[in-house]
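Enquirer: Below you'll find the structure I mean.
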Amino acid sequence: MRILLTNDDGIQAVGIRHLYKGLIDAGHDVLVAAPISEQSAVGHAITIASPLRVKEFVENGFRGLGVSGTPADCVKLALTTLMQDKPDLVVSGINAGANVGVDILYSGTVSAATEGALMGYPAVAVSADDFAPVDLLEQGAYVADFIAGRPWEALAPRTVLNLNFPKRPIAETLPLALCPPTQAVYNDWYVTRQDPRGRDYHWLTGVIPPEALTPDSDRALLTKGHITLTPLRFELADAAAMASLAARLGLRTDV
C-alpha cells in the first residue's frame, strides 16, 4: 500500500521512526510528512496566518518531509500538494502517550488521522501508553500486520481506527480488545512556580480517577495490558439531539 505517515511528536521522534521501519519492512510505499517540532495536544489546529515550510530529512535509512506546522497541516498539505500519487491509507503515530477517552479530543495524533478521514481516506491513529519510549519496533511491526487485513473496508466513511499499546513488550500484552472510549474526564490542576526572574508560571497536570472508569473502556483495558482498538466516527451533528430539539422547540428538520 501507499501510506501517508505523520505524527504529533515531531519527525525526529522514536515513534514515527520505528513505525516507518515497520511499514517499509512490510513492503509498503511510505511518504512521511510530519511536524518539524513537537506538536503534542494541539488538537485539530491548522495554520492560516503564516506560511508553511518543508524540509527534507534523510538519515539512517529514514526519509521524510518535516513541515513547520501542526499535524493536521501536515496531512492537508501532503494530500493536496506534496503527494503526486494519493495514498491508500493515512497513519498517524506512534504517539508517546496513550490517546484514550478525552485525550482523543486534545490529541494532535488522532486529529492528523481525522484530517485524513475528513478528506476521504482510511485512517489509523497509533499510540503507546509510555511518555518516554525508547523502542517501539515491535509495535511498528504489529501495526504493519494489523493494516494488512484492511479492517477499514468494513467501516463507514470518515471513520478513524484508534489503536493503543500498553507499556509492555508485545509478547506480554493481552489480546486486542475492541472497546469504547472512557467517558471519565481528568481532574485537572495547575502547579504554580516561579521562573529565575521571579515571575509566576503555571504547569498543567491531572489524573483520571480510577474509580470513574468502566471496566470495558479503552483506558481500563489498556491499563490492564490489552492492546485497544476504538473506531471513531466524526459526524458533527447529534441526530438524537436534533429530534429532541425539534420536538421541544416546535421546529422542522427537513427545511
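Cβ coordinates are placed from backbone N, Cα and C, and glycine is handled just like the others.
Pulled these features from Swiss-Prot for this protein:
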type	residues	note
BINDING	Asp8, Asp9, Ser40, Asn95	divalent metal cation binding site
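Give me the structural setting of these features: burial, nearby parts and distances.
Expert: According to DSSP, Asn95 (divalent metal cation binding site) sits within a strand segment.
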Enquirer: Give me the count of other Cβ atoms within 10 A of the Cβ belonging to Asp8 (divalent metal cation binding site).
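Expert: Total other Cβ atoms inside 10 Å, all chains included: 33.
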Enquirer: Just name the most isolated of the binding-site residues Ser40, Asn95, going by other Cβ atoms within 10 Å of its Cβ.
Expert: Ser40
Enquirer: May I ask you to report the DSSP-based helix, strand or coil state of Asp8 (divalent metal cation binding site)?
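Expert: Looking at the DSSP assignment, Asp8 (divalent metal cation binding site) belongs to neither helix nor strand, so coil.
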